[in-house]
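See structure below.
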Amino acid sequence: MGQHILAIDQGTTSSRSIIFSPKRSIDAIAQQEFSQKYPKDGWVEHDPEEIWESVVSTLKEVFNKCSVAPSDIAAIGITNQRETTLVWDKHSGKPVYNAIVWQDRRTAQYCRDFSEDEAFVSYITEATGLLLDPYFSATKIAWILDNVEGAREKAENGDLLFGTVDSYLIWRLTGGESHKTDATNASRTMLFDIHNQCWDEKLLSKFNIPASMLPEVMDCAADFGVIKEEIIGRAIPIQGVAGDQQAALVGQACFEKGMAKSTYGTGCFMILNTGDAPLQSKNRLLTTVGYRLNGKTTYALEGSIFMAGATVQWLRDGLKLIDDAAESEALAQRAREDNGVFLVPAFTGLGAPYWDPDARGAILGLTRDTGISEIVAAGLQSVCYQTKDLQKAMESDGARPTTIRVDGGMSRNDWVMGFLSDILGAEVERPEITETTALGAAFLAGLQAGVFNSIDDLTHCWKSDSVFTPRLTKQERDQAYDGWKSAVARIRCS
């Protein structure tokens, strides 16, 4: 058996396949973007067939980029955009509707209707660790069943299946032989009891979702099925699965209570390991499954920010202030210090800890001296300020991060990471391999395949590239953060 591991990283805007060597270095990466669909204001969809084709394309391409052969692969790991919802016919395999993406807000009215039952809203949080919000899968499934002709009847007859993206890919890769998910993805559906690690019958009944639609929930390192030989020329077991942010937690080797990782992709997601007991947040953070290995659940506290890299995309595509993301660092370095400009990127509302879907973005503090550099810098700083919001909320919940590790595309921007350390007042560690989401999936698959013996092996694989230390005084840090809080207060709607 080979010792290489193949990771499938199915994200919000693209799919990637990455081959990791036995030494945990990257042998090859293949990536393919796919289209985003916005049929109505606040709606975001993906074509399931485009997702599938992009995954298969990268699986084939990645082997053309290196000397590794499919026979060298010990196992496959899958990580994916979470909450995104698919429903398909279990006989034909055809989706009954496009994938409804995690960013989609069409079920806001569903949530408003359910919110009138305060006892039920409290039950959701107690059972799932989540807040009632369109972000999660439950109301997306309900919308599909209520709005796609014939879907409700088919579901009640046991003819439809639900899955987050991981589950859909497992189904397709195994030729329909395996309908499974892992505990991290299940924990993001708003249908999963994170304490008893099972689907919650009360929630299924309230949301009117047949239990027959749901996948079997597995550990993150487990046997999920074997991909069909015709896909890449060899039948290879799928042995590791985790939602993208939990996969990054594993890839960052945050296995000790108090360790946190913050991933900067389209959005920003900060997850703190809270150990073997779930910590219920009083500050609107999410209690979730960090990972589950050998039947033992490690819990986490999570804060979700909707706009991180997406803010840079808006500076580029919307305002046309930059030609590419790399240019933003040079411009920010030229910005006047203490310029008083704040950009609040509430383009689709505010995430944690505010959860204000009606808030809208603004640039505040503009003067005649304000130029492109100051606006770009404010956009980059907004990501750091929002991370500070999460840090403060975690500390208020009694869970102060002891270690903060960063990854994702924006983590390669030294200016941003320097300011992040400044505003957090803490050291920020960046690893040698910033592809930690895919690495986490590879780690999990490697554990099940026997490439790794234990999580101690994974801890020793993690290597630091850079450590950023705070330069601001406490007074300077507090003054800057007070300015941010004032800016947010001015655009809040709830």
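Each Cβ is built from the backbone N, Cα and C atoms, and glycine gets one as well.
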Where Swiss-Prot shows Thr12, Thr13, Ser14, Gly309, Gln313, Gly409 binding ATP, which of Thr58, Thr263, Thr266, Thr459 is named for the same site? Thr266
According to Swiss-Prot, Arg82, Glu83, Asp244, Gln245 bind glycerol; which of Tyr38, Tyr135, Tyr291 is also listed for that site? Tyr135
Binding-site residues considered: Gly309, Gly409; fewest surrounding Cβ atoms within 10 Å belongs to Gly409
Determine which residues of the same chain, besides Arg82, Glu83, Tyr135, Asp244, Gln245, have their CB within 8 A of the center of the CB atoms at the recorded glycerol site, and list them by sequence. Gln81, Thr84, Trp102, Arg188, Gly243, Phe269, Ser304
What whole-number Å value do you get for the CA-CA distance of Gly309 (ADP binding site) and Tyr135 (sn-glycerol 3-phosphate binding site)? 19
In the same chain, which residues outside the set Thr12, Thr13, Ser14, Thr266, Gly309, Gln313, Gly409 have their CB within 8 A of the centroid of the CB atoms that define the ATP site? Gly11, Gly265, Ala310
Can you give me the same-chain residues 6 or more apart in sequence from Arg82 (sn-glycerol 3-phosphate binding site) with a CB-CB distance under 8 Å? Trp102, Thr164, Thr184, Asn185, Arg188, Gly243, Asp244, Gln245
Proximal residue to Thr13 (ATP binding site) among binding-site residues Tyr135, Thr266, Asn413 (C-alpha distance): Thr266
Can you tell me how far the Cα of Glu83 (sn-glycerol 3-phosphate binding site) sits from the Cα of Thr266 (ADP binding site), in Å? 15
Please give me the binding-site residues out of Tyr135, Thr266, Gly409 that lie within 10 Å of Gln313 (ATP binding site), comparing Cα atoms only. Thr266
